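Novice: Please read through the structure below; I'll follow up with questions.
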Amino acid sequence: MVEQGVLDIMYLNKNNSSSAASSPDKEKKNFDNLKISFTDDYPKKNAEILSGQYGINLLLVGLSLMLALSYSGSAVKEEHLLSLLISLMLLQITWMLWYIVRKGRQTCFVSEKDSDAGTSWLRGGLSLLALISLIMDAFRIGYYVGYKTCLSPAVGVYPVIHAVHTISQVHFLWFHVKDVIKTFETFARFGVIHAVFTNLLLWCNGVISEAKHFLDTHKRRLLDLGYTNITVGEEEPCCNCTTNTCSIFSHGLSYLYPFNIEYHIFVSVVLFVMWKNIGHTTEYQRNQNVVMRTNGLVAGPILGTIALASTIVVLVLYIIKVGDSAESRESAVTMFYCYGIVMLLFMCLAGSVGLLIFRSDNVPLDYSKNPSRKLDADLLFGTAIGSWLMSWCSILAVISIKSRPVYGWINFMYSLLVIIEKYIQNLFIIESLYRKQETSERDEVETIPEIYSVSAGSSLSLASSYNGIINRAFENQDKVCVSLETDQEINNQGYSHTRSLPEGSISLHTRRLAKPSKRRRVLKNIAVFLFLCNISLWILPAFGCRPQFDNGIEEETFGYTIWTTIVTVAMPLNLFYRMHSVASLLDVFRKV
């Protein structure tokens, strides 16, 4: 008994000694794990959430200033809001400059690229909108020069900083928006999300200014029609203009607002894709280069051009007739609804035919991860809510209203078709973007020569194109530094794959390029027609055709204040939906 007890005590002491010996090692291991979790895992897991919360709070600060500024008796003045926007733009310019300089110094590092983010035609469209925004800044400077005696200096500094911000941002988008950032990820996330919400605040500022202009115009129309209990805000500052061009600048700004608004919201979307791509890797997919061909395009461009021309006519007639008298106002509103019903019926028919063609082809859908494509689909559904809200309110107003104007049930049909058309168009666009590109065996084919490049070592290099993020980084960075210059000469956009051939043997291969079949030609015509129709439906509300303010049906049901708030919030979403549909339909045309 004693011997066994001694042995048990000795065994227990042995275990305790080994446990005590391993305790410092375990504590050191736990400390190292904790250190790694705070230095490595923490930014990777939470940087996106932290930067997102920073951006949302930045937006809420700006919106609180804008809402306070909308109240005439508030202590918040315009210079306070402009000072905040100037500070945010300067901070974004500083971050973009840091990113460009840092990347320029990394000569031995080749970053990954997202080929779907910021396509060339999208960057070209943004450059055009940016050019119009620069013209708007010139108008603002001219307006400030005329009224500088009674305006804050922030009103004059704002367009100058905005012009510098626009130029630097367009440069950044052209050369760096495809970058998939893998270094300084946490700092980069905060920089990109700051740029996203800075542009969102500039968009909100433009939307509020445009809404205020349209509300003042609507109130003046009501005053001309005999309404007396309406107050209109002052349009010009309380001082004399020192030049003869103040009225030109003031009226010109109202026509340039829509382009500036679309510029900032599109930049926000493109930069958001860049933010989602930080530290992101998608599946590699090897596809053929997409070539935009116009074979068989007849019906779509002709019908779309007719729709666009009729839109210009309706816009001019509406603006002329809506402010004359009550009778001409009713005829203008009726004309708009009749035009909209015809346009929407054709768009519904075109979208339904496109969906039937898609469903008749047994082509599988592509469910690979693609931040740009997912964002396109989310924006189509999200921004359609604005016009759906206005349409359902109009339907309810027509049903419940006691008086029966001439255009009452026409308004009902128009609102119902708006809901159906967006539903069909969203399905058509999203199904097209998610379909894999496959060549039908029944298509007519033609042969064109494949492009090869011959190197000095008698090797033949065939450039391979990839859809998605292109990884140009190698496992050995030293090899990248040595071969980077040669690799860029061979293929400036993708990963080069070389294979050796016997010396002196150069074989010319050809690949078969499919001509579009009848179904594809129909889809291309549908995409072009819907493209031009969406431009037409963007032009009308952007430049003054807003029967929601002029028909009086919804105001009688919901009241002036509530209905004005609904239209003010929903109309910018509707405008962005149309412009985003234009961009998505161009992608549909390119990929069919």
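Our numbering is plain: 1 for the first residue shown, then up by one each step along the chain.
Positions of Cβ are set from backbone N, Cα and C atoms, glycine also.
Found this in TrEMBL, in case it helps:
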TRANSMEM  54-74  transmembrane segment
TRANSMEM  80-101  transmembrane segment
TRANSMEM  121-143  transmembrane segment
TRANSMEM  155-175  transmembrane segment
TRANSMEM  187-208  transmembrane segment
TRANSMEM  255-275  transmembrane segment
TRANSMEM  296-320  transmembrane segment
TRANSMEM  332-358  transmembrane segment
TRANSMEM  379-400  transmembrane segment
TRANSMEM  406-424  transmembrane segment
TRANSMEM  522-540  transmembrane segment
TRANSMEM  560-577  transmembrane segment
Novice: How about the transmembrane segment (187-208) and the transmembrane segment (80-101): at least 3 CB pairs under 8 Å, pairs 6 or more apart in sequence, or not?
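Specialist: Between the transmembrane segment (80-101) and the transmembrane segment (187-208), which are separate recorded stretches, there is contact, as judged by 3 or more close Cβ pairs.
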Novice: Given a Cβ distance threshold of under 8 angstroms, which distant residues of the chain, six or more beyond its ends, lie next to the transmembrane segment (255-275)?
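Specialist: The answer is 51, 114, 117-118, 122, 125-126, 129-130, 132-133, 135-136, 139, 166, 169, 173, 177, 179, 181, 189, 192-193, 195-197, 199-200, 202-203, 206-207, 209-210, 213, 371-372, 375, 379, 542-543, 572, 575-576, 579-580, 583.
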Novice: Which residues of the same chain, at least 6 past either end of the transmembrane segment (379-400), have a Cβ under 8 Å from a Cβ in it?
Specialist: 269, 408-409, 411-412, 414-416, 418-419, 422, 426, 429-430, 548, 553-554, 556-558, 563, 566-567, 569-574, 576-577, 580-581, 584
Novice: Please tell me whether the transmembrane segment (121-143) and the transmembrane segment (80-101) touch - that is, whether there are at least 3 C-beta pairs under 8 Å between them, with each pair 6 or more apart in sequence.
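Specialist: As far as Cβ distances go (cut-off 8 Å, pairs 6 or more apart), the transmembrane segment (121-143) and the transmembrane segment (80-101) do not touch.
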Novice: Name the range, of those listed as 54-74, 80-101, 296-320, 406-424, that has the largest tally of Cβ pairs under 8 Å with the transmembrane segment (522-540).
Specialist: 296-320
Novice: Could you pull out which residues elsewhere in the chain have a CB under 8 Å from any CB of the transmembrane segment (155-175), counting only those six or more residues past its ends?
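Specialist: Residues 78-79, 82, 85-86, 89-90, 92-93, 96-97, 99-100, 118, 123, 126-127, 130, 133-134, 136-138, 140-141, 144-145, 148, 195, 202, 263, 267, 270-271.
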